[in-house]
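The structure appears right after this line, and notes come after that.
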Amino acid sequence: MLFSRIRTFKNLTTTLKPLQNNRFYKFSNAEASKNAKFDRNAHFEDPVNEWVDPSKRWLLGGWLLLCAGGVYFMVLLGGYTRLTHSGLSMTKWKPIEYAYPRNQADWEKEFDYYKQFPEYQHTPIDLEKFKKIFIVEYLHRVSGSTLGALYVLPLAAFTAMKWIKPQYAKRLGTIGGLGLLQGLIGWWMVKSGLDRPKPEYQQKPRVSTYRLTVHLSMALSLYSLLIWNAATLFKKPQHLQITPENYKTHLKFRGLGIGLIHLVAINLLTGAAMAGIDAGKVFNTWPTMNGQIVPANLFKASPFYKNFFENVVMVQFNHRNAAYLTYTFGSYITYLAYKSNLPKQARYMCYALYGVLNYQLLTGIVALLNQVQVHSGSIHQFNALNVLTASLLLCHSVRRPSVPYRNYLKQFV
């Protein structure tokens, strides 16, 4: 009996021992975590090394930045094309080759073809005026084809030489596909201005404001993707920027940056709607709209959604107030950055953002008071891209670190 009880006690002890060890192990880990010290020199692999050849990252980043600059130029040239009413001067679409008129006979032939379409029939112009607007649109299209070659050919070469690894090549290939789609969207937009009859909301033949908005949105998306990927290749990995002391602030500004990007996007889209129906030609007073804070006829169009694209009153009201909201939010971010322990890079980006926001507000007021003349309108559009760029770089500077580094930081935060 006694031996039986001793045997039972030994069995119970054997059963409980793993549980005791496990309990002690957990307690030891908790203590170790509590007493651990953050090692600034701890090694963490740069995620970019899994995407590209590390020795070529600066060259690849420069190529992507060059392509982003090309898109930047294209957007500015597209805005100038819209302001000078040059977009409908080329009435045929030849994406590979469109011969530039070389002599008087070629110009007259091109001009005769232009005369068959609604823009000329609504507002006749002479041959000299036609030459000026044709050159602008021709440059816009040739720039697009050149930019496509500048992106696709090096991408194929870099992939073949294994400077770009398959995972990253797929991402960059998708961007190239979107660029091809953008060319198709561009012609789809131009074609809307060549059709008859013109939409009721436009005083004279123009491209569809809806298609213009889609075209601009795609261009800005391409620009943003290129800038983001170029910055990733150029800038240091986040584990060299973030410490336990600034991690929570970093996460907070990441959320603020994402919110800011959305506000900037709304501004750009409402700006496209402004350009689409020449809404900057009315209510040329500031800070009120012809003496009113909230003007009449905000909802005169039917169905309701048309007010956001076809009603000049609502379109300008939306653009003004989106600008005020973005400026206020950007100012708030700058104030928080001044008082916080953000890494220097992110703080300086906040200051740069605040500078371009102030200039954008000023150029918008000047353009409005001058009924969006070509010069003032072009400056406003140019700086809008600078605001987008500063917002993107701010978000990039507070992007998430790699998963291993996030897990490492959590034990110290």
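All residue numbers here begin at 1 and follow the chain in the order shown.
Note: Cβ is positioned from N, Cα and C throughout, glycine not excepted.
Predicted automatically and left uncurated, TrEMBL annotations should be read as such.
Marked as transmembrane segment by TrEMBL: 58-80, 138-160, 172-190, 210-234, 255-277, 322-338, 350-369, 381-398.
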Chain residues outside the transmembrane segment (322-338) and at least six past its termini with a C-beta under 8 angstroms from it: 253, 256-257, 259-260, 263-264, 266-267, 270, 346-347, 350-351, 353-354, 357-358, 360-361, 364, 394
Same-chain residue ranges lying at least 6 outside the transmembrane segment (58-80) that approach it to Cβ under 8 Å: 52, 86, 136, 139-140, 143-144, 146-147, 150-151, 154, 158, 163-164, 215-216, 219-220, 222-223, 226-227, 229-234, 275, 374, 377-378, 381-382, 385
The transmembrane segment (172-190) touching the transmembrane segment (381-398) per 3+ Cβ pairs under 8 Å rule: no
Distal contacts, the transmembrane segment (172-190) - CB-CB under 8 A, six or more residues away: 87-88, 90, 93, 95, 144, 147-148, 151-152, 155, 164, 207-208, 211-212, 214-215, 218-219, 221-222, 225-226, 229
